[in-house]
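For reference, TrEMBL has these:
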type	residues	note
REGION	B:1-22	region 'Disordered'
TRANSMEM	B:33-55	transmembrane segment
DOMAIN	B:94-283	domain 'ABC transmembrane type-1'
TRANSMEM	B:98-124	transmembrane segment
TRANSMEM	B:136-154	transmembrane segment
TRANSMEM	B:160-176	transmembrane segment
TRANSMEM	B:215-237	transmembrane segment
TRANSMEM	B:257-283	transmembrane segment
Amino acid sequence: MAPSPILARASARSDANTNPALAAPVAEIRDLQVGFRTDEGGFNVLDGVSFTVRTGRTLCLVGESGCGKSVTALSIMGLLAPNAIVGHGEILLDGTNLLDLSRKELNERRGDRMAMIFQEPMTSLNPVLTIGDQIVEGIRRHRPVGRAEAERHAVEMLKRVRIPAPEQRMGDYPHQLSGGMRQRVMIAMALANDPRLLIADEPTTALDVTIQAQILDLIKTLQDETGTAVLLITHDLGVVAEVGDDVAVMYAGRIVEQASVTDLFADPQHPYTLGLLSSIPRLDSEIGRLPTIRGSVPAPADMPSGCRFSTRCPFADDHCRTEEPPLADLSPGHAVACWKAPLEVRAA
Amino acid sequence: MTMGNALATASPNRPVPSRSRSRVWRKLRSNPAALAGGIIVLLFIAMAIAAPLIAPYDPNVSSWLTIRKPPTAAHWMGTDDVGRDVLSRLMVGSRASLSAGIVSVAIALLIGVPFGVISGYYGGWMDAVISRVTEAVLACPFLILAIALAAFLGPSLTNAMIAIGISAAPIFARLARGQVLSVKTEDYVQGARAVGCSNLRIILRYILPNIFPPLLVQSTLTVATAIIAEASLSFLGLGQQPPDPSWGSMLNTAKNFITQAPWMAIWPGIAIFVVVFGFNILGDGLRDALDPRDSR
């Protein structure tokens, strides 16, 4: 039997991820501004967000709830609520600006060139269709293959996400599977058409800890096999350390620091990043109560002038409160938006 | 080919929608009232299908020798004012009543569900227009509206069904709209968008199957209402036309002889009562059996 054309495409490109320097940009987000119109008026949720996701690399988007991580993901997929307005910016997928596409053209790319895994595996599958039907549907939506061929590919995908007895599972309904298994099915669906970009929005938040590690491991392994670019959204710096190559830290709709994972953990520069890192519990030291970042994220309709973090920042001065710091390169590949950078003292 | 075999072994035990059929059946079976309702409905449907074969006499042939005879061994339910066998007319008349119930609900579903789904799914001005029209129609009492429509369309069983169907459609439109509003925000609908499904595909594969259970329950209950409506229209002469029997038209004739020949009225009355009761308790049982909030 000839290998499935979809798999052949995957192996052809999987050599690019071995050398990060060669990694080609898959998705480039440039100066993206997204707002929402409500009865109380409009406000921006994303303001000038830019980043690049590269072949075979995982970019982690980190930040606390409400900072705009998910809105970024939904903007890329074109799944924003109807009252959302994209103010300006570009979302390039392989050089094509997704914001310029018609609904039909966008549908051609969703599930094919880009795919998404959601946070809640328990509710992300249609309860009335078998998982086989759902994977097959995604394949046939984008590939001119017959049902038998698509089913064969679906079984292959279930095998690749390590679901035992995939042939039997094809006929199962979602409620017959556990949360971890359903997330595997979601991953199988997302990767069935060998997308260039995989967006995973908190893919392990709803799972228990042992399953989390397995799922992250699986995403990593599959990425190594296929060379897919991954945009991983999380609030968990442990996850970042485990699977990330690059990190972008978001705060109140802006990216405040961007670096490779090693650089960020070794030499965090933005006070917010410092705060996040120091509020992780550690096994090797006894520090009593964990440090916290005082206050909470300002509401989008009520942004402070100047640096958005100034209201909570221990280092903030008048300059910070009046003028917004740009995201500037500190060293190659390490950018930070802070007037105080480079910081002279490291956080304890 | 190995894969083909594997798929072949996987498919035979492929159950039917979500709450697999066996679970619904188990819950239905453990509810004696629902089971009784189901049996009553099935018996009446069987009777309607077999009516021409099992009816002891021709329901439309009158006889001057057997006018208004009380129940006897020859005529178990007695005879009517022109000597026709009441049992035979009751059996054949069940066809009109049941088909009126089922066909008019089918019409109501065909009109109501698409409007409800469009209104709930797309929202905006379409929702506003459809919802206002639905509410306006619902403001008219169901039976009054059906009578008005039937009178407008002209007296015949088919027109009565259409009139009842149109009158019942807003109930389904409103129910479908509400269900769509809750289902369309589910993660799996977002997921379907993320794999590039078109709106039509999402409606057909993701929305409709998931709003089906409440629609099914409402349908069973509305069949009961529609049977009463058909009887009412036939009673008023707007439904089944003489000499063909229907339970409502039998009651219409019987009212003139209610003291001399009460059996003419009692039997069709009981038949309406029993079949409506059957549909109602079946509907209640289905509602419980299909409710996913119950133990899974």
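Any Cβ shown, glycine's included, is placed from N, Cα and C.
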_Please determine whether the transmembrane segment (B:136-154) and the transmembrane segment (B:33-55) are in contact (criterion: at least three Cβ-Cβ distances under 8 Å, sequence separation 6 or more)._
no
*Rank B:33-55, B:98-124, B:160-176, B:215-237 by Cβ pairs under 8 Å to the transmembrane segment (B:257-283) and hand me the top one.*
B:33-55
*Would you kindly list the residues that approach the transmembrane segment (B:98-124) from elsewhere in its chain, counting only those six or more residues past its ends and only Cβ-Cβ distances under 8 Å?*
44-45, 48, 130-131, 134, 157, 160-162, 164-181, 184, 199, 203, 207-208, 211, 215, 219, 222-224, 226-227, 229-230, 239, 246, 275, 279
